[in-house]
Amino acid sequence: VKVAVVGAGVIGLSTAVCIAEGLPFSSVTILSEKFSPDTTGDGAAGILIPEQRWFRDTFDHLRGIIETPEAPEAGVFFSSGNKNTFPSDPNPYWANHVFGYRAMSDREMRRFPNHKFGQAFTSIKCECLRYLPYLPIFYIDWVVECCQFGFSSCCLVNSYDVIVNCSGLGSRLLVGDEGVYPVRGQILKVHAPWVKNFIGGGDGGGRAYIYPGIDYITVGGTRQVDDWRLEVDMKDTEGIMERCCQLEPSLRKAQVLEEWVGLRPGRRNPRVESEWLQAGQRRVILVHNHGHDGCGGAGEEESS
Amino acid sequence: VKVAVVGAGVIGLSTAVCIAEGLPFSSVTILSEKFSPDTTGDGAAGILIPEQRWFRDTFDHLRGIIETPEAPEAGVFFSSGCLLYKEVPSDPNPYWANHVFGYRAMSDREMRRFPNHKFGQAFTSIKCECLRYLPYLITFVLFNRFRKAGGQIKREKVTDLQQLVNSYDVIVNCSGLGSRLLVGDEGVYPVRGQILKVHAPWVKNFIGGGDGGGRAYIYPGIDYITVGGTRQVDDWRLEVDMKDTEGIMERCCQLEPSLRKAQVLEEWVGLRPGRRNPRVESEWLQAGQRRVILVHNHGHDGCGGAGEEESS
């Protein structure tokens, strides 16, 4: 069976590896315009915050990696911290999936006078910058770097039996999915090695968060729907610093190494389904696996 | 009032600050052979692990610093992690559970990472790194005070307290291990500790293993992870012992396998100022016609940081 996986971000590579490991007699080819460090996931903080139903499988899969000595190379490690929020359910379904879930005490919440409730727990951070190169690509038979082209191209249909579309935002053009739209996110890469715990502030709006990583702290962010701009916006930088310094005053003295912008592949629901693709006399299976917005890492496992 | 503080480690400088702030009309002079980065505290991990009764005051004092933008310069920050025990302790809810943040017993699921241990306590405490904290005390606190009320810092080795009697009204002895010679305190002995400074920036949480014996711990710091350790009583050796290095790596890689791939930047040895109990008391010191108060504040073993606050 000849399988083509389109897209080499966290969804594409994870999917390709799953297929290659699960179908040992298949031949898997990855076709993508961009590879790490140029994928959307490479700039994302990569913290596993429970939001999708596949969260648990991904958590367990990554926890298996943490217990091996290869964990640092894979960019996978435990990360503890708190989310300040007004939860609808003080005991969420994922409380048992993470480690050490607890509501924060009044004493702890005094640090955050603008927030009334906080959840502390230990989750996992998975940094694409290391994780994508770490994935066992030797399972993959061919890796092709190419420009975008439409699925209607005869080449693709004639060469493969199954095509898996993991092209994220590219699906808009590639398969004409107009339900896909960008959700622009700007972050700052900050040098602040004394910050060891993550803080997700303010109602999960995604506009104030601090996620300590291996090489820097990811400080963000923005969620601008239908915004295609890849350039850094200085107003966003100021807004992010303003909001995050309220959560963590020590950041005022921290050095900003770099700003980065990524376009999350937004969609009302992730599209995970299959259909037939016809070109001339040939019909192949087309599997869609895209539209994970900011949860690409967590959606990793559902690809299997 | 002229006060002399002998010793510029974490106890000496903290004491000097307390006196300077508490007695605004006093003139405080610090005399010490060694200063940061050459004090014992400079190599210690600096994590505040509840062991002494002054722990709470120190915790609150440092927490005040954390909430200021100067916290990184002071080397003070929150640190979360766990202490592991091979047997379940008699009191699984220790007195200090309310002093730290977020104290909880670890779940069975979490404990599966540590098959050699049966019980774990997770909490958030504070790390105070002397390498930054001591210069911070001098620069931000003491120099300000010296300008207002006089005082200075003298780099000199004090060998005889009698020489200070004519120049000062109060002498505070914070000379740690040096008290053995300086005041003839034979109750003071070294407790040798070796640590490894390791580059492992993915380790964010501390792990203290094996019932607090002090032979297996991992404390993430600002510039490196402090991996240790040893507790060798009456051992004066300041040289690195390769056998200790191997033992430390062996024990700590069991707790944190990812350390196997980590780079060891440096090894370091310090002699904790051990004593059965810390000596915190005062007496009269006579030299000729003059009598001055001599205050002792030493013998904190590995708890120098935590003992900080009791100096007031």
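Just so you know, glycine gets a Cβ as well, placed from its N, Cα and C.
According to TrEMBL, the protein carries these features:
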- B:Val158: FAD binding site (BINDING)
- B:Tyr217, B:Arg272, B:Gly302: D-dopa binding site (BINDING)
- B:2-302: domain 'FAD dependent oxidoreductase' (DOMAIN)
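In the three-state DSSP classification, B:Val158 (FAD binding site) falls within coil. Residues belonging to the domain 'FAD dependent oxidoreductase' (B:2-302) score a mean pLDDT of 89 in the model. When other Cβ atoms within 10 Å of the Cβ of B:Arg272 (D-dopa binding site) are tallied across all protein chains shown, the result is 25.
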